[in-house]
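Each remark here refers to the structure printed beneath this line.
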Amino acid sequence: MGSTSGPRLLLLLLTSLPLALGDPIYTIITPNVLRLESEEMVVLEAHEGQGDIRVSVTVHDFPAKRQVLSSETTTLNNANNYLSTVNIKIPASKEFKSEKGHKFVTVQALFGNVQVEKVVLVSLQSGYLFIQTDKTIYTPGSTVLYRIFTVDHKLLPVGQTIVVTIETPEGIDIKRDSLSSHNQFGILALSWNIPELVNMGQWKIRAHYEDAPQQVFSAEFEVKEYVLPSFEVQVEPSEKFYYIDDPNGLTVNIIARFLYGESVDGTAFVIFGVQDGDQRISLSQSLTRVPIIDGTGEATLSQGVLLNGVHYSSVNDLVGKSIYVSVTVILNSGSDMVEAERTGIPIVTSPYQIHFTKTPKFFKPAMPFDLMVYVTNPDGSPARHIPVVTEDFKVRSLTQEDGVAKLSINTPDNRNSLPITVRTEKDGIPAARQASKTMHVLPYNTQGNSKNYLHLSLPRVELKPGENLNVNFHLRTDPGYQDKIRYFTYLIMNKGKLLKVGRQPRESGQVVVVLPLTITTDFIPSFRLVAYYTLIAANGQREVVADSVWVDVKDSCVGTLVVKGGGKQDKQHRPGQQMTLEIQGERGARVGLVAVDKGVFVLNKKNKLTQRRIWDVVEKADIGCTPGSGKDFAGVFTDAGLAFKSSKGLQTPQRADLECPKPAARKRRSVQLMEKRMDKLGQYSKDVRRCCEHGMRDNPMKFSCQRRAQFIQHGDACVKAFLDCCEYIAKLRQQHSRNKPLGLARSDLDEEIIPEEDIISRSQFPESWLWTIEEFKEPDKNGISTKTMNVFLKDSITTWEILAVSLSDKKGICVADPYEVVVKQDFFIDLRLPYSVVRNEQVEIRAILYNYREAEDLKVRVELLYNPAFCSLATAKKRHQQTLTVPAKSSVPVPYIIVPLKTGLQEVEVKAAVYNHFISDGVKKTLKVVPEGMRVNKTVVTRTLDPEHKGQQGVQREEIPPADLSDQVPDTESETKILLQGTPVAQMVEDAIDGDRLKHLIQTPSGCGEQNMIGMTPTVIAVHYLDSTEQWEKFGLEKRQEALELIKKGYTQQLAFRQKNSAFAAFQDRLSSTLLTAYVVKVFAMAANLIAIDSQVLCGAVKWLILEKQKPDGVFEENGPVIHQEMIGGFKNTEEKDVSLTAFVLIALQEAKDICEPQVNSLLRSINKARDFLADYYLELKRPYTVAIAGYALALSDKLDEPFLNKLLSTAKERNRWEEPGQKLHNVEATSYALLALLVVKDFDSVPPIVRWLNEQRYYGGGYGSTQATFMVFQALAQYQKDVPDHKDLNLDVSIHLPSRSAPVRHRILWESASLLRSEETKENEGFTLIAEGKGQGTLSVVTMYHGKAKGKTTCKKFDLKVSIHPAPEPVKKPQEAKSSMVLDICTRYLGNQDATMSILDISMMTGFSPDTEDLKLLSTGVDRYISKYELNKALSNKNTLIIYLDKISHTLEDCISFKVHQYFNVGLIQPGSVKVYSYYNLDESCTRFYHPEKEDGMLNKLCHKEMCRCAEENCFMHHDEEEVTLDDRLERACEPGVDYVYKTRLLKKELSDDFDDYIMVIEQIIKSGSDEVQVGQERRFISHIKCREALKLKEGGHYLVWGVSSDLWGEKPNISYIIGKDTWVELWPDGDVCQDEENQKQCQDLANFSENMVVFGCPN
């Protein structure tokens, strides 16, 4: 810790007498943070020692010193130069695991008979946990594979129990496991299946050692619906900063490469912006389209665009901000798009920054000072080979590869603060733009101004293991004392532990001594060298002089781990091919492997486990805090992470926090048309320039300038400027014809072998594989083991990154550099599928054919294979083949239009073969097909589980109904989740009383027997409270010993007032006092836990109270009243005094019972008599004070049962205090007794308001008349701190009885896992019973998820809403990747008496459409703002949702907004979009309207090829209109297996909606009865998809013959519906006059015969 923490004073408890020469000094040095269950080195040293000195080291618990946690012995003698070490190990006990406060131990060293003792902070960290996931991003329903490496502080494998939790993006734990890494060699391989229905976002795996819950390690992974990209994009600025004066602007290079290494051809859309903290300003004028040719492109942000796009008063206001650039690259084939962003390009005045982070803050006067100057580029990367100079000392140097330059300065011989200014001297940069920085270094403080110094210096080199380092020890001291310094003691710290100690001898006259050090792998990643000497200074006092230096070592693995390819490395790998991997590592190590598709890291490259990340975690746990040195000798040790104590009282300040002190944060100061537009802007001053600029913006609604100006709320000057510029630009626009935007280039298919059956399609496309753990066996002569593995590559054409992490019991953990395996072939298919498509929605997919042959065009036959789960141009009877030419070094997209018919994962397969070559490829991928409609999450119930209070005889029974699924999409599943969570006992929000406020209670007791107790009480209770609440670090750890000495003094003094009968009085000659004696018993019983108390004294007093002062009825009497009435608290009031005195004495007897029961035979009998007396009178007591004190006495005697407890609680005022008017101290005392009583009987529910009231009194004890109140409030609060946070009274047994399961599902909810969300899923929508028993509370939530039908028109009570959509007028400005554009018009008016404030438009886009964000920005950012802001959310189903916020909606005029919407992918049957308007303040006042392009616009039909429409309709019902159907045909088909029913029906009415049509049929004849027990004349609902409306052509009033299969019956009896599907027969049944027509006579006769045959004879089978 630095000088900013701990007491400001160095605790130099120096003796006042000069030391004699040869007077030995003993020192103890330990790390100032000791870790549990970890071996820690303690350094023991004697200076001027003689003979053998036996040293015993003991570690005790702090503060009580009740336990010996570790003990070791050693001997100091001439042989070891009076320097020795012992290793101690602190076991993990439950005291250390409690989460209250920091933990400390007392390390005690006994040198012969000289004791040296130091209190040291304890860390619960048992080691490190590193978590590796197989990928960084996952889709819903996939599996996360992860490994946890369990290592100790040396990074060696350790077998321990760990707790692992999976945490949602909202921070809720949904899975928790306790696992052991024993016998696992430190590697736990685990997995977790992500549910299909899951929250998107950043999930976490959190893990901690079971005995160190505070030290949590975590790894994040993202859950998202995505498709892996086929290429990656990198954005590289030409400079890592933007120089504010640079007239050339900022250029960025765009590099786009396919994952298999080939260059991309496409188009990049680039936009720049400025970032200021969290705020982003997009520079819309910078939007440019850049061609990507052969994988590269270039975009430039000009200085003018930057300055015009931001509204700062001066250019310098931009300094300190940063530039970001967003790039979207689209392939020329249009099949794939990848986004990339580069952020944090700083805007600077100087291209460099100077840091002093690696420089000590203290110097030794007249000695060299090593200034380590760290120079960085503005992005934080090291600036290499930059000249630097110190202005005052003219010392020059050059930065090395790591950006650091060393400048050695000769410091002056004075004690003043030393300012040092460093600047860069880079050629070509003007002086004003060179970087410069000043630091002030302070002189090292010597003891007694002795001017004795030590300075460590070392050469500036990058150290690697195996190299040697010479450290120079420079000495400066009084010449007369130099010869007394015969050696330096040095210590080396690494990873928070003492690694090595030694002595470096010094010969007489040596001013510089060299210590040679060999760097080993133990020194990685850095180490601290601390050195000191000791002498007796001129003033006769013992002095310690110290210095330290922090040394960086090159980060690398401690051991070896290399992954490489075996065999020929130049060979190109092909998909599915076998390859050889060669892995080299340490013998006996285990290595975890994984191969990851590089496309994963294009989407998310965060959270990869690397060796750098491992060292970062280790460095973060370093307990040293500065780059070296210190303000004095103690500061040197403390800042290096060491605790020092000597037998002469010299010591380091107490470290009280595991974290290093944070430095105080510095406060920071905080085209022709375009040209004419800029000229116009220049006519206006800055304050109204924005109004002019917004007047020249385009308006999507085409409002007039006058109408637009009505929306401005910025004053007349703004309106005037707006109107002028608006009208100016309108005239200009009429004169300019706008250029049409360029479209994406498309390759035309040319008109113009291997058989398809012989082509084996590639079908294995995992995102990761090779998830194995291998063991290294026999090593070679160099000690390195090699493992050779033959693996078969997967089918992806990509680059695989093979990652390896090894764990060795000798060399620890090591992460290898990734090994890349490129997989490709000259000709292949890339089949691009979306993440999911909707059943029955027509969609376009693309197969891209790539030809990487050098100079040969390929003639290719490509085929989409038939799959009955889709409608496409491939059918069971006819192949869909195309022939086309793919030019050399190029690609051709082949679009396919399909209609998915079945939900689930369906296969899409495309094959291609090249004419006249033996070349082919095939790809088979799965496409996720989801049901129509919107996913609905319906909360069925939320209930509180509290069996004790809500149940009968402790059993709570909850009947849960099924969800109402009346709007469910037919032929889809629902899933019900039953969620359970415990509710832990509410812990007090308020902190207990701050220990730092109790200093006034530590006081010296004195005076008579009463005064002495008045003085001793506060000290005893303060120590008890600070021990219980673990707050000594706030108070001062060294003060505890002082307090114990005062208690000992008070105890000794009190014995003077002990009379011969063992009782106590104010003076020896006064009558013995019952109250004082009982009070002595109470205080001494508590003090017995702190100091040695003679049990004869304590128990003699107990015996006197029982034998002399207790009457036969149990009451205690007082004959020697106390003189000092201020010590008796609430006893002053004489009302009910027998009860209150008896209760007081009984409490004292109970608290002394553990000590005195063996010595006082009558103790229990006396306690019972007093208890019975109190019980007889308790219910009649009136005084709140007496009720409280007697209640505590009864509780201690197990007698505070229900009627007495009710009496206690009912006496409280507002259930939080026991109050008598005008008696604040008595009320605090009484309430404290009551709190103790409730804690004893564990009535924790009643406790919180009482503790809150006591805390609110902010009563810190002390003052006249406060003895009892002080003692009781701190006794009560200490007991509360002890009991309630550890109170774990939650034990619920919950059983769920589902009708569809044979046995109930059982869960036990305990306090330890209360926050864990337990989940049960069922696919059945059924009611069920839940039974809860036990203690505590929990929450039950039941949520059903299903696909709901799109709702029809809703009634609109408070809003009028009109929505329309029409094609955008040409010419239209649209994104290049957009296929078409339309304009959405929304007009609304509020139907109330005044305007609706804060309203919201919730707009669901049509499938395949997205809004034009530029239009939305215009609507939201102009001074004539029409909307206040908008949010665009990508929903689960390829449908965008747009939220628009409006400040108000008028109640007199229609408010209208218009914006373009662009179609990005083609869908045959476009689902309608919807617009909902509602007021933020009244969510029920909503109105919804749907919108849809009409068929005449061609959007419904333009993709529908004739055969495909036919295919889609064939799945509507069983077709029979192609050929004449005979009677036998009908009989044969109606009697096929699976046919459930045959009816003659009449269509009563049609209910048409936006996705499904309902036909209400009356059953006129049951020709064959099925599983539905329907009667003639009843109505039944027949459901059909809207795509079948035209094919069915059902007419109201018409009669129909209908039959179908049992699987098409839907719902539960009696509400069964019938789905009309491909197995449903629907035939018009002519009747009446129609049958007279000749053409219908045969059909009518056949239908009548069919009906008769079926009814009379039935089916033959």
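Every residue gets a Cβ built from N, Cα and C, even glycine.
For the residues N937, N1649, Swiss-Prot attaches the annotation N-linked glycosylation site to N937, which does not rule out the feature elsewhere.
Looking at 1034-1059, 1528-1553, 1606-1631, 1632-1657, the range tied to region 'Interaction with CFP/properdin' in Swiss-Prot is 1632-1657. Among C705, C718, the cysteine that Swiss-Prot records as disulfide-bonded to C726 is C705. If one looks beyond the region 'Interaction with CFP/properdin' (1632-1657) by at least 6 residues along the same chain, the residues whose Cβ comes under 8 Å of a Cβ in the stretch are 1525-1527, 1530-1531, 1534, 1542, 1544, 1565, 1567-1568, 1601.
Spatially close to C1387 (disulfide bond) yet at least six residues away along the chain are L1361, K1362, V1363, E1454, D1455, C1456, judged by Cβ distances under 8 angstroms.
Summarising the environment of C660 (disulfide bond), the number of other Cβ atoms within 10 Å of its Cβ, over all protein chains shown, is 18. In the region 'Interaction with CFP/properdin' (1632-1657), helix, strand and coil residues by DSSP number 25 helix, 0 strand, 1 coil.
A separation of roughly 62 Å, to the nearest angstrom, links the Cα atoms of S966 (phosphoserine) and C660 (disulfide bond). Here the domain 'Anaphylatoxin-like' (691-726) has, by DSSP, the following mix of helix, strand and coil residues: 21 helix, 0 strand, 15 coil. Secondary structure from DSSP puts C1659 (disulfide bond) in coil. Here the candidates are the recorded positions S38, C691, S1319, S1571, and by Cα distance the one nearest C1156 (disulfide bond) turns out to be S38. In terms of C-alpha distance, the listed disulfide-bonded residues C692, C725, C1535, C1588, C1659 place C725 closest to C705 (disulfide bond). The Cβ of C1644 has fewer other Cβ atoms within 10 Å than any other of the disulfide-bonded residues C691, C1156, C1644. Among the recorded positions listed (S302, C660, C1635, C1659), S302 has its Cα nearest to the Cα of C718 (disulfide bond). A strand conformation is recorded for C871 (disulfide bond) in the three-state DSSP classification.
Checking each of the recorded positions (S302, C725, C871, C1356, C1487) against C691 (disulfide bond), the C-alpha distance stays within 10 Å for C725. Cβ environment of C1356 (disulfide bond): S1486, C1487, T1488 lie under 8 Å away, each six or more residues apart in the same chain.
In this structure the alpha carbons, written CA, of C1099 (disulfide bond) and C1588 (disulfide bond) are 98 Å apart. When the Cα atoms are compared, S1571 (phosphoserine) and C1516 (disulfide bond) turn out to be 22 Å apart.
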